[in-house]
């Protein structure tokens, strides 16, 4: 109802047509499609690569003498290593994670490893530790940074820019390209997402001895910091990373890579979406095949077909094979267990309802009630027969066998390609249904966010409700009430002016037209505030950015903006416009994914 009211109200005023900002046109990638296709076929990614290496986090600065760590109510001077880790915890006192038992246990265990023997003898209980002064110190320091004089802020900005110029660019095949993340991640406490079993563990400081440098043989090898050396220097032109190291908590690789707005990254983005577009030509055949395989006498073939159905219709990931206990108990399609699935009896006119409940990537809970095809439901019943809750649902299937099957169906096909294809198709179809040409830009942006939300729900891109949500909604509601009062007042003034005009029989004077314009302006402002409130409420538990950046072909959004007169700035911020600069030239208003 609110959207209908907004549409009716917004028809009274129209907005100027969309234009691609001139500053963005100049940044559009000049490489043509044929050139990209040629480079995509080669395993050689570059011939020259030169850079300065990563920028390392500065050494720890000890706490001032007036800031104390207290144990059992008494000040205790810590060694530098133990004090640094204590500050990590102190900075986070205001966060909910520090109240979680897993976080506290992991932190205390890792903290004790950094203590001296004497400190370990004295500090035996986290409950007796008082980090209040440390927490207060960092709050005050943050506030001091916020209130710095303009001259000092400008000086800090210039220092950051100098650092960016020195470490934030590389030379790739004769071209200066921006680097995305040239700084190593600072040490701290691991938080993870969801209820991660390793939350609270110490993220160690990355040292040059941990880092592998990748550059061309004929380039100048970056100098490590004084007194240090690189773990290794190699020249591998089949990869696009500049430096790499292993993050010890999850034993995963971290990379220094090019900025998303760089030409090579743009080419990779384009290739990703072109592979997903190729799926459009064979997806009907693939679906017909896995539906036929639901009836196969071979258990493995039936499990493969049902798994592929889940990947296609529910955007599930395949699920990486990992050793037990290595990471959180996160699962994907192949690693689903019987305990993650519930088959519901017919109820309320609904049949073949399946409930899935498990921890997905980044420990984000996936919980969904979905109506499936009858044969899928029956196959799931067979897969679950005579199994314990902890047994694999797809016991005849492995991640590697599923991935190989996907490659056999189409070169380059992965679960991510399916997710990209279905996400982009969903956005395109939802925009077609929700967008009306006569609507205002405000209503069109609201429609776009609703289409984006449909994709986020499909991909299970959730987030916790922001802690500031209620407060910000109350503030927004007050603004709406104030604006409604202003609209009502302006309506009364306009009606009074109309009455005066009729009594005098005059033509519309300047004052009347001013009141009329004021009312229209206030109504437009009210419409925008109401749309913003609706948008915030509907998206409070949905993360729209992940799909927009990683799974939605930007040409769909740019074409929609051009077709319906929506400024691209309403959909993509400056950084995102730079990242998708390659798409501006390729997306006419008639582009179809």
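For all residues, glycine too, the Cβ spot is worked out from N, Cα and C.
Between the stretches 311-316, 317-322, 323-328, Swiss-Prot puts its region 'Interaction with DNA' entry on 317-322.
In this structure the alpha carbons, written CA, of residue 551 (active site, O-(3'-phospho-DNA)-tyrosine intermediate) and residue 403 (site 'Interaction with DNA') are 19 Å apart. Nearest in space to residue 461 (site 'Interaction with DNA'), taking C-alpha to C-alpha distance over the recorded sites 241, 330, 403, 479, is 330. Mean pLDDT for the region 'Interaction with DNA' (317-322) in the predicted structure: 71. The most crowded of the recorded positions listed here (241, 551) is 551, judged by how many other CB atoms sit within 10 Å of its own CB.
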